[in-house]
């Protein structure tokens, strides 16, 4: 009842705002005479059978069903959609029958003139009906006789009533959900305020402990000085630094998280993604919000850990000394049963696709407010090597496997709409990329050979352009004779340029309109495992299998704008089984890379600050991705989880 009253107030407010006074008066009149205060299905039935059909309002009748179809477009049950389509067809046939019984053949001809093309697209069972205006006695024709009977009319009216009764009792209009969502938000704000207060208390307690620790260190220093002045060797009396001595001052700037909470973060929870904020060397924590920003490391921690200087004289931390990134929330997805090979945000960021070695792809969402209607598990029967979402509609997911398969999964229909295969000579589909503009995608497939790791086992390359309407190969991009395997692909913003990286360290650039290579240069001494355009597309990033990361200028080819060596994270043992990759955030300032460690590095591109490390998994981090617009990132791991 409360939801209904709130929804009516919203309608009244909107009508007054728009100046729809006549509509407001009609709304108030009907509202006053509404006794049940609930959904009344008979009024919709009367609108169809007592107004639109008898008065020959064909356009309004078709528009009403189009409106219902739009409202129910989010249905996942195909049975209900099929039932609705059959009812719509029966009601339109009822309109034609009534027009013929009333002697208005002109209305039938007019109806087919307006809707004939749409009816033919719905099915071949409408073909015979186009002749009905010209049949002498359709009521006795065996093909149409049943539709002129009173029993059929009454059965149709009852079916329409029962259908709408079931649908609207199970599915509330969006207006009625606003009140409950408003109450939910109010409860969340109260919880937020309570957690803020608790966080302030913990912060105060932590600062108190830090002050005590500093006091004890000064006392110990004074004691050592007195020992030395007395001729006693202070080194023999100085206690060794325990883990508590080292960790306590450092954790004070790692997002204000006590040690017990930091350890708990390593345990798998329900789901995992982390929302991060723009970095700063100083702690920019705000007590009025749970929203945390990147923390820094204080002077004491830097002295304890050690540091070095870059070429500009700035003090830099080694990667293993990066501070842990502070997060607003973290969720862990534990649906997989084998190591994760790829995880990708959809183009809108609402859905996530994650794949594993056992050949399964799972589609899920980290946000409880997003409908779970797209959630699914796809069994592909082979190791998943590549994933990519269609950029425009956000409905199709492309999946590339180790046995040469390319599947197109429709997340709304929850089925494979196309199952393609590369040639037998190129069974490994290493990467897939959809054009951001055209209905095409490019596949990078490779032959196989014996090798000591995932890169060495790749043979020759094949780059194929596919049409996403016909699902057929359009062309093969030229790479020369016996080209090394292509490991990574990326389009520029308008889809006219395709960049591809190879196992021989080359970067290739293709003009997609001409289907030809326009330039290329040797970028690494080792194989390139990942490639990304910079945010303004004046540069391109490359990650080598040796852990070196370069940002190359596209305006001055061959010039390195920024570089980093990620050797600590790119351990050789992990490279045997996984191809390392990287991801840029929406601003292009933060670069996340995979890791042979349980944590992954987040580098500050062209920045003066050091970097950060992610919260820990329990095994190597094998795949990463950033949300297309929000400060949220994904890490997939060999521990079978995605965070």
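Each Cβ is built from the backbone N, Cα and C atoms, and glycine gets one as well.
For the ranges 222-244, 245-267, 268-290, 291-313, the feature annotated in TrEMBL as region 'Disordered' maps to 222-244. Residue counts for the repeat 'WD' (333-374) under DSSP, helix first, then strand, then coil, are 3 helix, 17 strand, 22 coil. Using DSSP to sort the residues of the repeat 'WD' (521-556) gives these counts of helix, strand and coil: 0 helix, 20 strand, 16 coil. The average pLDDT the prediction assigns to the domain 'Anaphase-promoting complex subunit 4-like WD40' (480-533) is 94. Secondary structure counts, DSSP: the repeat 'WD' (614-643) has 0 helix, 13 strand, 17 coil.
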